[in-house]
């Protein structure tokens, strides 16, 4: 039988807690030997007194005194007195910093994929499959458009020439557009030599037009529009006989020269040196009679001539829209502002469009003056002062080419629409601004005209009308008047050095440069047939449009001797 466990005598401390002082008691304490005593405070962690369940003891300790090992807590983590070094080594601060952000990249992406669970959600998988299909569809369309764009641009460089260069023509010089950017020339204020025609007043109610209350574009088949070249103008002939100037031109020709560095399409201007005088003319059926559309855009237009969105078809459509828009926004009540002489190209009793011709003279040098015929389309009276207006229309043919739907954006983002037009039609807007500056117009009115349907090029609606001051708008589009006149002055000086004869300035269809050719005297006359495009490639618009535009631009043969004019017809001839 196992002997009983003797606790021994337990001393009593009458003065407080704990073991009594050895000085105050004479008890013979029979305490076990080699039991460590650990002083502690109230905040310290208390350890165990003895542990007989431990078996993983230190061999050296068991060998010395195996019976006392139950009281040895020197290597136990629970003992607060087991050594400060061990406590310090096991002590760790909590890191409060946020975890580092993942580095997005190929390596991180593949590492993260390994951490994804093996079983994925079916909805996430379905979304990923749909996104992959959509991306593949976009890539396929993008590659298809890029390949078509490259083919279109290659064909355009070969086919798009405004005039056929004949073998007998002699090229005298070619001028790159890079030489035009640094030119500068200042001219004094011009003087008006003569004002012809009559103007109707502008209807200011069109300024409140918006996509929500759009107006249908009307057709004016009974009003005649004239596109007369310089040498066919009877007034210019009279001024030349009176030696009023040395150089003669029209605002359309001058604006083409002034904005030449912005042009992309090919154009040509006929130059005639007669004695000491210089005449700048346009050919019958010239591209200058049409309006370019989407000329400076990066998105190519279809090259098929029977396509309603080809460059030629859009040019005819834009000219048709501009003619009708310039007459619809007027107050047609018979009240007109008449000037010195009537319209020099109209027969008596003939109904003509509202237009005034200002024959103005600029001083280019001490003995060199330039006379140009400038046009304004309307007049408005504010505070008993009359202001001259030019009227032009921007036309939307298909929103997918511009990327903006005018019916949605004109209400809230009209500035974005104008910025897109400045990008896609930089040359056309610069020419309109140059013509307004030449005529000293007080205001430019731009109409936003769109098709009723993208595939219907017969019917149009007016969505909005905006007005700008020419000088402020020129600054906005970075059109420098000194540079404009510097280009004109340099070309005039170059042509004045040529011998008497006929020459033609041709803008290269694929390079930013202009060439000067010497051509026969009878070139571009009635017996010298010259077409800018082959007949089988020209677009013949439907009869409805052809009749309307032909009536609007009738040919006038009764405006005086030699006053036959080049008119704009629906078939572009």
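Backbone N, Cα and C define each Cβ position, glycine as well.
Of the given residue ranges 257-271, 272-286, 287-301, TrEMBL assigns the label region 'RNA gate' to 287-301. Looking up the ranges 480-526, 527-573 in TrEMBL, the one annotated as region 'Disordered' turns out to be 527-573. Per-residue pLDDT, averaged over the region 'RNA gate' (287-301), rounds to 86. In terms of DSSP secondary structure, the region 'RNA gate' (287-301) contains 3 helix, 0 strand, 12 coil.
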